[in-house]
Amino acid sequence: MTSSNLIKQLQERGLVAQVTDEDALAERLAQGPISLYCGFDPTADSLHLGHLVPLLCLKRFQLAGHRPVALVGGATGMIGDPSFKASERKLNTEDTVNEWVEKIRHQVSPFLDFDCGENSAIAANNYDWFGGMNVLTFLRDIGKHFSVNQMINKEAVKQRLNRDDSGISFTEFSYNLLQAYDFACLNKNHGVALQIGGSDQWGNITSGIDLTRRLHQQQVYGLTVPLITKADGTKFGKTEGGAVWLDPKKTSPYKFYQFWINTADADVYRFLKFFTFMSLEEINALEEEDKNSGKAPRAQYVLAENVTGMVHGPEGLAAAKRITESLFSGDLHDMTEADFAQLAQDGMPTVELNRDADLQQALVNAELVPSRGQARTMIGSNAVAINGEKQADPEYVFTDADRLFGRYTLLRRGKKHYCLISWL
């Protein structure tokens, strides 16, 4: 992406929900590099897919020559953003928040270049300026610039005030002031002139623009990326097991890869624009190729490879592909012990069994059949495989050779029903 028409390029990819004073921002970007920031509050010990679009937007700006600031909210994470939340957030302890700050800082770092000259990325923590601030300073220097009338009319706050079952505490009500002051501080300390964030952050961003103008007489800008939705109306970034996390210990690279492989045809080309750095020409050519091939589309695999490689690196991508191909072919010889651990983590149903369990009992415990009698029938009809090999003996007893790495056995009933045994 080039700096001269960066906003237009982002719009062509569907990455702009709202922007303040678009013409003035476009003109400012055309004049030369700026500093911009995006904030990430430590409300959990990992970022999730919802954070990926704004994080990648920071990267897009850096690739165009601008300087990104990744702000982790060590202070705001102690409060919790009420924007469009149905109820009060749970307040976490300071130790917990500090631990999460470090984890999120570590997650953000690989996406940005912190050693590339004048536009090297900066990592910041808003606890640095809020940690030593007393309440009188907060009220005198920040609070006096805010009208309560305007604050309660912000859509994110109005929704909470209008709920019969939940109002809003002064703690969360004050969050808007904290995020606004972040913008003013970063403007003063690093010359930050643009804040980007999710579309739910619009009210907080515009407050920061107003406060920066009042405190420093600087014109600054805001840009939000859209809330990602799926064509069928269901939430993006969720599975039956909950959120899809960027931390491989919470969502394994295999499950992460499978999430993208299962993208609907109606969504995949749009998601390629959101989540990859492929050019629009490349994406359009891929769509045309898929349309005319008469085969299953390639786009899902291109998307899965791009995003998994970006988030989990070459080794994580290789493991995800290796597991996928092994399960598809039934040949498990290329799988490593770590690959089986990914399956046990979240890749498929897993059951722990004592080593004296026979095949019939294993099928019942794995919930692949309802009874030992049904297990006998399934085994006898050649519908059961152990580690990819069919087993037709109803009286079969497992041997050490079935326990891969001394610990794992993969059962399959039919073509699609799997369970991983973890032997005790």
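Using N, Cα and C of the backbone, Cβ positions are placed for all residues, glycine too.
The structure displayed is predicted, hence computed values, not measured ones.
In sequence order, Gly39, Thr76, Asp81, Gln201, Asn204, Ile205, Ser207, Gly208 are the residues near Gln179 (L-tyrosine binding site), counting only same-chain partners six or more apart with C-beta under 8 A. Here Swiss-Prot flags Tyr37, Tyr175, Gln179 as L-tyrosine binding site, drawing on sequence analysis.
According to Swiss-Prot, the feature ATP binding site maps to Lys238.
The annotation domain 'S4 RNA-binding' is assigned in Swiss-Prot to 357-414 on the grounds of sequence analysis. Counting residues per DSSP class in helix, strand and coil order gives 19 helix, 14 strand, 25 coil for the domain 'S4 RNA-binding' (357-414).
Swiss-Prot lists 42-51 with the feature motif ''HIGH' region'. Cβ atoms under 8 Å from those of the motif ''HIGH' region' (42-51) belong to residues 72-74, 77, 80-81, 89, 92, 97, 99-101, 103-104, 107-108, 198, 228, 236-237, 243-247, 250 of the same chain, restricted to positions at least 6 beyond its ends.
Under the heading motif ''KMSKS' region', Swiss-Prot lists 235-239. Mean model confidence of the motif ''KMSKS' region' (235-239) amounts to 75 (pLDDT, 0 to 100 scale).
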Next item on the list: Would you count the other C-beta atoms found within 10 angstroms of the C-beta of Tyr175 (L-tyrosine binding site) for me?
Entry: 23
Margin query: To see if you understand the setup: which same-chain residues, six or more apart in sequence, place their Cβ under 8 Å from that of Tyr37 (L-tyrosine binding site)?
Written below: Pro68, Val69, Ala70, Leu71, Ala124, Asp182, Phe183, Leu186, His190, Val192, Leu194, Gln195, Ile196
Next item on the list: Can you tell me how spread out the L-tyrosine site is, meaning the largest CA to CA distance among Tyr37, Tyr175, Gln179, in Å?
Entry: 18
